[in-house]
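One structure is given below, encoded as structure tokens.
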Amino acid sequence: KCAHLRLACQTDPKPYYTSKLWWCGIILLGLGEVGNFTAYGFAPAALVAPLGCVSVIGSAFISGLFLKETLRAADILGGTLAVAGTYLLVTFTPNVPQEITAKKVQNYLVSWPFVVYAIIEIITFCILLYFYKRKAVKHIVVLLMLVALLASLTVIAAKAVAGMITHSVKGKMQLAYPVFYIMCILMAATCAFQVKFLNQAMELYETTAVVPINFVFSTTSAIISGVIFYQEFQSAALLSVFMFLFGCLLSFLGVFLITRNRIKEHLQIPYIDCGNIPGQKVTGKIQPDSHHLCYGTLNNEDDMGKPQN
């Protein structure tokens, strides 16, 4: 975002992919996703998925530092709730050591809880896809439900792949089993289709609506899939389950508070202030017409017929 803003204020804008800052951001984003993927090899999927709220908190505070966006009271309250929820998630997630091997993954795939879950998910996905394709229903809930159903399979595949790679690094080779490559293909395919539906949701609806709904739907589906496929809460106490769910609720509420009404506030700014963009020393404003009475805004209908001074 910072790179795009810098390029927008240049007299001769260059393509974004020529910016070193943009490439720096892409590399950092890639490293973050590698870390997120690696986490599935060491921690339960039910814990890794909801911890994505940390990225929302970080974005809210970092945007105030680098993009000069206003840090609102709702951001501080939302961040506090999300941190409290994160603490509960980390504290009450069952800490059961689980080594993911190819044989275990094969057994999980044919277990009756996952078979029932997979049948229900496939039927639900087909119904939603029918309304999406045949009836042209592109409601935000339909689009993000499709994303969430795919995300549950992505989480299952990502944890299986990460676990088998981790086990192989420890000296017990798992990469020779066909199930490893099946999971790699499943992970890549579901990620690609997630991008398709999520991209359309971003085009049709505001980010303030897409981000929290997608976070809640995808996280919930990831937790359910981890519980069913990997049986992560099989021996958990009732209090631990309750506090874990309460931590998820606090994280969801925190993300909602941080993301709501951001677009509306941004649209109220009538000009682009290059002085607030990192790396720019210009203190002036980019205006439609600096000599017009409506300085810094678009012309009103009453002023259209008046001559300019």
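Heads up, the Cβ atoms here are built off N, Cα and C, so glycines get one too.
The annotation transmembrane segment is assigned in TrEMBL to 21-42 (among others).
If one looks beyond the transmembrane segment (48-67) by at least 6 residues along the same chain, the residues whose Cβ comes under 8 Å of a Cβ in the stretch are 1-2, 5, 32, 36, 39-40, 75, 78-79, 82-83, 85-86, 89-90, 155, 159, 211, 215, 218-219, 222-223, 226, 247-248, 251-252, 254-255, 258-259, 278. TrEMBL lists 48-67 (among others) with the feature transmembrane segment.
The feature transmembrane segment is assigned by TrEMBL to 74-92 (among others). The list of residues near the transmembrane segment (74-92) in space but at least 6 beyond its ends in sequence, with Cβ under 8 angstroms from a Cβ of it, reads 47, 50-51, 53-54, 56-57, 60-61, 64, 239-241, 243-244, 246-258, 260-261.
Sequence-distant contacts of the transmembrane segment (112-132), counting only residues of its own chain at least 6 positions beyond either end whose CB sits under 8 Å from a CB of the stretch, comprise 138, 142-143, 145-146, 149-150, 152-153, 224-225, 228-229, 231. Marked as transmembrane segment by TrEMBL: 112-132 (among others).
Residues annotated as transmembrane segment in TrEMBL: 139-158 (among others). Long-range neighbours of the transmembrane segment (139-158) within the same chain, counting only residues 6 or more positions beyond its ends whose Cβ lies under 8 Å from a Cβ of the stretch, are 37, 40, 45, 49, 121, 124-125, 128-129, 131-132, 183-184, 186-187, 190-191, 193-194, 197-198, 200-201, 204-205, 209-210, 213-214, 217-218, 220-222, 224-226, 229-230.
Within its own chain, the transmembrane segment (178-198) is flanked in space by residues 102, 105-106, 109, 143-144, 146-147, 150-151, 153-154, 156-158, 160-161, 164, 210, 214, which lie at least six positions past its ends and keep a Cβ under 8 Å from the stretch. Residues or ranges marked as transmembrane segment by TrEMBL: 178-198 (among others).
Using a Cβ-Cβ cut-off under 8 Å and counting only residues 6 or more beyond its ends in the same chain, the transmembrane segment (210-230) has close neighbours at 44-46, 49-50, 52-53, 56, 98, 100, 108, 113-114, 117, 140-141, 144-145, 147-149, 151-153, 155-156, 159, 198, 201-202, 248, 251-252, 255-256, 259-260. If you look up TrEMBL, you'll see 210-230 (among others) marked as transmembrane segment.
Here TrEMBL flags 236-258 (among others) as transmembrane segment.
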